[in-house]
Every structure is written in structure tokens, then in C-alpha cells.
């Protein structure tokens, strides 16, 4: 991102007496949180920070009162410093630069400054270049953009030029090819003609599965695949299948451009001397081209120029320089270039009376260098091109024409190329100092006794650090055999030596000897190699006991533990007819017995065992003999009375929760009279129905009933009716079972359908009546249908006049029950009445308005404010969900004239129309300065307070239940849920939400064991509060199933409407409740 607000001024000072040039860049830093990154460059690539020293100094300072950062650059004036300079400033995603030209002629210094943002080069699509380029230009494009596999790209180019047939499954297919930089993100998108068709993605013929790298996304008919953090392995052919059709594409991952990190430097030399021009690039072994005066140089056998590559360093070598080698040499990569001048002059060695001599000294000895010049002149000493200053350790002597350099005790770092440069001559006197050091092995990283353990079959690469000057000669041997190459070989590097064993075998165990030797001495050591392996597989396990879904198995340990103690065992099982094994334990089993569980009844299984030691896992044992789990069913469920007469009792129940592999043959119904223990079979033959009538009973007697399920494994445990049943028809008082969501206001939008089912009970001949607001209901507008067990109120297309209080009454003889239902039909509100511009000052406008006359039969939840420039009249939203009837619009453009309009909003949405201001507001250019009033800060701190408590709740087993409450407090309180005073943590059965102060606990598919006391605890720095409620979870059957006089029709209707309609609408009712609590 380019920014034009960084630089305030760029100027320079030139002091002619001292010959110094000072450049100052003033950078505005008032909006920056920390120091920006400042760099100075000469030309296009040379970073002046790498040239800082005596002739160049870079400094920075910061003025706190002006928030301006000053960047200084000091140059000692020389003619070769003329050229183009550039200062770059960057901070996060912001960037700015300033360039200037410096001319030095005599005593005059001219500087021309230019401040302009650099233009970013557009990203080049190499794929499009290759598609449109001439074949003769392919190699040139490959080098320029860093293409390493040109042959592979040309093969893909040929394949992608084939004509693609029109597809019936894909409305829009993949592009022919995609290109992405290494480390970037790519997006594949297809559009399906039929969104129900199954879609699969493939890479080089292998299906892609969702992961952190591969992300799938669906948007309508669009199917999208994202590939994150692309590497060179992602450069492949991709295709997607939809049914029998597929669409393919190619992905090209491009390496980043090769940058020149250290450029060439100007060099002066003499005829006949060796010349080396070196640079460094950003990648190892990169493709680099050299040029002399614009003509490319090649590394041919007959060429005078030799090119040397060492990792990132590239060097151009001229063994014997000639006069005609003086030229401008340049190096070019795919991401940059650098150039330098080479000057070759005649040799002036006749001015040297005594040259420096190369020396070889041992570590700790004295280094003494001496030379003699034809005249008594001063000079400077250099080591590896760096100026040497005299110190306590380094002594420099000058007496007449003789110059001496002395170091009392030589160190390894003292080795290098030394040079003496006389001040009066354009010559230098070089020599080399070689410091030798006895070799030494560093075995600190090895284990006790220099022992190294390796797993059989794996590769060992043992690296031993070594020291010594010069680099010592290394020899590895085992016994009398010396290892240089083959499966066991030695690899030697300047600072280490490696013993490599490609595929370790147990015979490789034993001591290996390493020996070091150089001209300063020798060193040896013994290293023990220990090869270990995984254990042998155990014997086939035995299954000693079988249950309903479990078994008990035993086995013997393996005969060979592989040289490492057995740590434990892994157990797997599979179905006999399957080939897929499943791991049963993820923690090692320490014993030789195990109990597999959760098997399927009636299915034959096999088990096997793996032994584990410190090295790994053995091969599996032989499978055990097959076995089959089998058990009786669980007891029938929900046993209840369906009807009673003077001589019969009708019972009904549900099938067992668990039937098992043996199936279900039928049921046995038994009864006994109260006070006796003799159970009588009511059905001599099994019944396959879940309802049975016991006949021939004496009137007024009491009986106990039980039911058993029967299959091939035998009879299940009996299911007992909870109490004795009186054989006598009784009157059932009326009772309205008002659904939970109808106990609150039932809200629907205008035009939606209202269909409410209210179950009730009562015998015999219950009578139902309805009233709306105390008056009979108009059946032409509202349809009501009554049955023996429920009543239905139906409105096909709701209108606002349908809102009101509906009263329901159920009568059985002299008994009655009543219920009230509040129905609210809502619509979008009308627009606000009047919008007035109250005041205009500076860049602000104050608006006020009146609430709408028509609120849509629902509370106004906010307003949406829009503005429009008088010239374009394009409307833009400036505020949403605004609750007050006055607002101040800020940050308006001075000189523009604005109109404003406002929409009303309730739970149904925005009003269809908006009220616009009659006048416009002109933001004057020379307005008065508005002085903001000073207000004391209001303390919003508040301890937690529950504005809506939890309520006692009844839930149905198997259906999700939610507990809701609302709390306020500042700072925002921390919410904790508890069950029976125990904190609920990391339990996937519970989901907790908190939105705008509304706290929700969702219990997924609760069972009767989930019932209890639930507590919501809120705490902040000012205090704490809590509320609780009781949750009762009933069985999947409705409570009325336990009443003595319900018919089968009643059960069917209750299940159909209560558990069908009501539960399908529970999600919408919950959203309405949450919004009310939030208000």
C-alpha cells in the first residue's frame, strides 16, 4: 500500500571546508505506534547500511513535541559518490519513498530531490505468457520468471489447448489453469446445473479430503475448493467429478523471484593479478547470468572467465587480469540485478623493497609481519579487507621505511589475508597467515559410553563435530575394515564428519573407530552402535467368555522382544466377513487379557494382538477363532392403561429399546389379582402387537399387569405397570394440555399461517368452546376443528385484526377447565412522522424525528438513517439499529449539501417507506468552531443482576431442551453453569451460549438421568449472582399415556401434533423468547 503522507521534507547541507554532505529526511510519525523502518539506497539495489563506516554514517532522532522523526545520512564528499539516492520508509502495510540525484563537480554539490510513490509492477501470469508466446521465446521466459520445469509446463500447455466439450452437469467449469506463488492461497470454483449432484475433488487421481490445507465451501450452486499455503508438491493436475462428468485444470506453483541480497563492488587491480567479483542471492544454487558491458559471459572451457557457485554466493573469476578486462560487469537474476566497475592498472611493485611473506603459525605462537617501502611514508594494515587498528593485542610499528605487524598469541580467528597499503602509492602488499590447530573430536552430544541406538531397517546419520586447522583428515573403521563408500560410508565436512548407514542391520552393532589427523596432531575415539528391532508377533489369542456385546480374550507374550522390553499390547477386531480391522485400545494394555466391548449381537467377530516395545509395533498375531455375541431383548417400554370397562382392561406399550440380533418373536401379557402372587397368562399364544385387552375380569377387582418380550434367546425382564388397576369405568375430569410455546404470546407475521393444536383430556363426551376477547369467534375468518382428544385453531392467512386473547373451555358434565392464548399478528412499521434538521455545525448535522404512528403491532426496535449528496442523490447508510429519536451525523464533507431519510424497524424488519427531510443541510466551508461541552464520565460499573430468571422446565427424553435467562453487569460477568451444584465443563452433551446478556444452556437429547437442579452463576469484579431451576425429563411417551381412560386414538393424536408440530416450531419460539429477554 503506497502512502503519500510519510515524508514532510527532504533536504541536504554541504560543508565545503570539511567536505561533508548531510541529507535529512523528515518523516511524519504522529499516527504511528512504533518506529518505522527506514532504509537508504544508492542506485537501484545498493543498501547503504552495508557500507556504513568512516565515509558514511546513518543516524535517526525523534522530536516528541512535533511528532516528526529525523533521518540523517552523512557522506564525505567524493566524486565517485555522485549518482541517484533513495530513502524508503515502511510501517506495516504502508510505504513511501523519496529519490534524489547527487552531482559532485569540484567544490560544487548539486542535489535534486523527487518525492513520488513507486509504481508497483503488475503481477505477471506466466501461464498466459506461455500460451501467447512464440516457441522460440520459451527459454527466455523460463529464466526471467524462474520456471524450473519448462518441459512439464509445455506438456500441460499442449494438454490444456485441447477443445473442451460442453458439459451438462457444470453450468460453469474450472479455468484451464491457475497460477499461485509459493506459500500463497488458490481458489477453485465450479457452478453446478443441478445442486443435488454429488461432487468430488481429485489431485493427480487421488481424492481430496477436507483438512486445514483443503477447505470446501458451498454457495448456492457454487462449489469452491481453497488450497492454503501452496508448496511445489501442489503443482499438479486437479479435476472435479459430478456424476459421470468431470472438469479438470492445471495448478502452477511459482517459486518466488531470486533477489540479489549483496551486490557487486567496484574493484581496482593490476595486470596479471587474480580478480574475483562476488555477489550473494536469496536462494541456493540459483540461476544467475553474468554480463560484461551488456554482453553475456559463459563458463566454457576456452573462456578466460570462470564462474564459481557456493550456495548463495556466486563469483566471477579472472585468473590473470589484462588491460582490456577493465569494464562494467553486471549480474542478473529473476528478481534483480547488480553491477560494478573493474579497473586494471599497470603493476608498481618496484616501489616495494621488502614484501610481506606468507606465514604458518601454531595456535598461541607469535605472528610477525614485516615489509619495507622505498620511502619513509605512513600506511595502513588490513585483514580480509577490514582496516586494523592498534590495540593491546595487536601492535603496529613504523620506523623509517620499515613497517611491522605483531600479534603476541595467535588465535584461529587471526587466520586470513593481510595487506599493507602505503599512503603515498597506489599499491598494496599482501600476504597470507595460516594458523594451525590440533584436531579434536566433540562427543558431548552422545549418550553414556558413547552409545548410539538405531532401529533395524532405518537410516543412521551420525554427525560428529570436529575442529582443527587445517581441516583434519577423517577415517572411520570397524575392526580392520575402513568405510569410505557403500551401504556404510563416511561423509566429511569442514566442521563435522558423518557416519551413514543406509539400511541398518543387527550385524552392524559394535564399536566404530573415528580418527582425525592433520599437520598439528591427531585424535581418536570409539563409538558403540546398537541396532534394535520391533518384537515378534504374539501367538493367536483365545476367546474364553462371550456376552451380549463383549468377550474376554487372553494371549501369550511373544518369543522374541526385539532387544527391548515389551511395553504393552494393542488389540484389534473385525467382522468375520470383513477385511477391515478396528483398533480397540489407544493406550497400551499392560496385561495379557482384555475385554472388547460394544460389539453387535449376532455378528461373527475375530480378534488379534500387536506387541509394542520402545522401537515400535510388531506384526499382528494370527486371528482368533470366530465368535458370535447374543442376548435377550430389553424389557418393553411405556406400559400404560389404554382403557378400562367393568369387565376388561386394555393395555398398550412400546417395543423394547434394544431388541438385539436374535430379533423379536412377540409379547406375553400376564396379570395377577392384588394381594396374590399367582401370575396368570392372558394370551396363551404370543402377540406381535403392542396392545392387548384382558377380558373376563370381575367388576370392582384390582389387578397388577406385566409384559415380557420374547425372542430366540428367551424371555426379557418383565415391564410392570406402576400400580394396581381398578376394573371399573370412571369419569375423567377435563384437563387442557397447553403446549409450552403457547403459554407465552404467540407471534406471527401478517400473511403467515396460524395452525395451533391444543390437546386435552376428559371423559366421557368432552365439550369444547372458544371465545376471542370475550366474544364468540367468527368461523368465517377462523377455522376451529374439535376431536375427542384435541382442538385445532387454523387461520390460513393471518391479518392484524386476528390479534387478541383467545379463551378455550373444556366441559365434562359439571366439571370444566379453561386456558387462554395470546396471539399477536405483527407487520412492518410505518415510516417516522417528521424528520427535522435541528442544527448544523462544522462537519456535523443534528436530526430529530417522531416515532411512526403505525408500529406494526410490535415495539419499535430501532431506526436506520441514510444520507444522500444533493448532487448525486445516492443514498448511503450511516446508522443502523439506532434506538433514540434524535441523532448527530458526523464526518460530513465540507462544501457538500445533504438530504437525510429515516426508516423505522421492528421485529419484522424495516418500514417499506422512509421519511426524508424537507430541507437540505449545507456543510459550510467557513463555519463556526463548535466547542464540545464537558461532561463527567458516567460510572457504568454494576454487579451482576439477573433481569430474567430461569424457570422450572419439563423436557421430553430424546428431544433437545434449552434453559434461558438474562443477566446484566459491568464489567461483563463471567457465566458458569452448574448441575446439582457441580460445574459443567468439557461435556459434549451441553452447549452454552451468551449473546447480548442472554445466557442459554442447550441439553442435547436428554434422558431421565439429566433431570435435576441447574444453576446459572454470574460473577465480575463487583460481586456475583445466581439463579436456578428444576428440570424434569420424562420418557418419550406423553404424560397422558399413564392416565387410566385414554383411547388409542388419543395417543396417536397426541404424538402426531405435540411431538410433530410443536417441536418443529420450538426453534422459532426460542428465538422470539431470546429477543424479548434481550429487550
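Here, residue 1 is simply the first one shown, and the rest follow in order.
The backbone N, Cα and C atoms fix where each Cβ goes, glycine too.
Not measured: the values here are computed from a predicted model.
For 256-343 (among others), the entry in TrEMBL reads domain 'Ig-like'.
Marked as domain 'Fibronectin type-III' by TrEMBL: 537-636 (among others). Helix, strand and coil counts under DSSP for the domain 'Fibronectin type-III' (537-636) come to 0 helix, 35 strand, 65 coil.
The domain 'Fibronectin type-III' annotation in TrEMBL covers 637-730 (among others). Note on the domain 'Fibronectin type-III' (637-730): mean pLDDT across this stretch is 88.
According to TrEMBL, the domain 'Ig-like' annotation covers 734-822 (among others).
Summarising the annotation, TrEMBL assigns domain 'Fibronectin type-III' to 831-926 (among others). Secondary structure by DSSP for the domain 'Fibronectin type-III' (831-926): 0 helix, 49 strand, 47 coil.
Annotation source TrEMBL lists domain 'Ig-like' at 944-1028 (among others).
The DSSP breakdown of the domain 'Ig-like' (256-343), given as helix, strand and coil counts, is 3 helix, 46 strand, 39 coil. Each of 256-343, 537-636, 831-926, 944-1028 was scored by its Cβ pairs under 8 Å to the domain 'Ig-like' (734-822), and the highest score goes to 831-926. For the domain 'Fibronectin type-III' (637-730), residue counts in helix, strand and coil come to 0 helix, 45 strand, 49 coil, using DSSP.
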